[in-house]
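For reference, the structure I am asking about is given below.
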Amino acid sequence: MKHYLSVNDIDSLNDWVNEARELKKEPKKLKTLGEGKTIGLLFFNNSLRTRLSTQKAAINLGLDVIVMNFGSEGWALEYVDGTVMDQGTSEHIKEAAQVISQYCDIVAIRAFAGLTNKEEDEAEIVLNGFKKYASVPVVNMESSVGHPLQALADAITLAEQNTKKRPKVVLSWAPHPKALPHAVANSFVQMMQLQEADFVITHPEGYELNPEISKDAIIEHDQKKACEDADFIYVKNWSSYNTYGQVLNQDKNWTMTKEKLGKAKFMHCLPVRRNMIVADEVLDSDQSLVIEQANNRTYSAQIVLKKILENN
Ligand code: CP
């Protein structure tokens, strides 16, 4: 594997999850694998978990780590070839990616969707710009359309918690005051397509995800019905895909409650808005897996970096 850009870069989810669970037992086991090498983490957007867990994973593998808040501290980058750069951008991705490749052996990028131009977001100009012009492996730390490190952590969490051959897993939309990207939901759906499970997506009308990602997933617009007898309920907000980037609904009847959760385990990638996305009674209960999901972000990053270091 050269790059880790999407869930599709996982050649065997089961093997990766098992390897990550082994690494979790002894995180420093491969502490010399990255010796003498450097990873650069470039953030065009805010982060808590991704920033700290990816650093932690890199340190566990003996990598040196450089972190840059590119969005607030770097030069504004130009991504279009042939542009006369007489407007707001100061440096072209061509030079920036090549220069960073001299300093780093792996570069990891966080660059969210702008949610104003679907075509631009789906072109993944930041991630693909680095893929095109960097000479080192590129890792996606959440891009416009995917968050594959989160999805891998979620797969590890599911494997640790699941007791059934074919669990029922529900992805439920929940209300949020701001327009949020589709990245987490997209990657969770793609990851579930690699799992043996009864998988259901529930959301209000108008919140259909990109059909090229959801494919033939079962959609149930009645949230209570969707959640019946679920083993795991993953709750996440996303903005409308069809009416691109718009908040069409903030109906708090979609907030996850203990009643709807039933006996299921609650999952969310964090950060989460309490009593908007999920009621306190759920988040504070022992049915919540959110802290363990965040813990597993270290091991999902570690398995990805391990595979890159072994193959490059
Ligand atoms: N879940 C997640 O990616 O968290 P951060 O945005 O804090 O990195």
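Cβ coordinates come from backbone N, Cα and C, glycine included.
Feature annotation from TrEMBL assigns domain 'Aspartate/ornithine carbamoyltransferase carbamoyl-P binding' to 2-160. Here TrEMBL flags S47, L48, R49, T50, W75, R110, H147, P148, L149, Q150, C269, L270, R297 as carbamoyl phosphate binding site. The annotation N(2)-succinyl-L-ornithine binding site is assigned in TrEMBL to E142, H176, K236, R273. Per TrEMBL, domain 'Aspartate/ornithine carbamoyltransferase Asp/Orn-binding' is recorded for 184-305.
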Please go through the binding-site residues S47, R49, W75, H176, C269, R273 one by one and keep those whose C-beta falls under 6 A from any atom of ligand 1; give the result in sequence order.
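Among S47, R49, W75, H176, C269, R273, near ligand 1: S47, R49, C269.
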Which value does the mean pLDDT take for the domain 'Aspartate/ornithine carbamoyltransferase carbamoyl-P binding' (2-160) in this predicted structure?
98
Find the one among the binding-site residues H176, K236, R273 whose C-alpha lies closest to that of H147 (carbamoyl phosphate binding site).
K236
Would you find the one among the binding-site residues L149, C269 whose Cβ has the most company, meaning other Cβ atoms within 10 Å?
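The residue with the densest Cβ neighbourhood is L149.
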Can you tell which of the binding-site residues S47, W75, R297 lies nearest to R273 (N(2)-succinyl-L-ornithine binding site) in space, using Cα positions?
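Nearest in space to R273 (N(2)-succinyl-L-ornithine binding site), counting only the binding-site residues, is S47.
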For a three-state summary based on DSSP, what are the helix, strand and coil counts in the domain 'Aspartate/ornithine carbamoyltransferase Asp/Orn-binding' (184-305)?
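Final tally across the stretch: 45 helix, 19 strand, 58 coil.
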Return the single residue from the binding-site residues list (R273, R297) that has the minimum number of other CB atoms within 10 Å.
R273
When you rank E142, H176, K236 by Cα distance to R297 (carbamoyl phosphate binding site), which of the binding-site residues ends up on top as the closest?
E142
Sorted by position, what residues of the same chain at least six away from R49 (carbamoyl phosphate binding site) have a C-beta under 8 A from it?
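For R49 (carbamoyl phosphate binding site), the qualifying residues are C269, L270, A294, R297.
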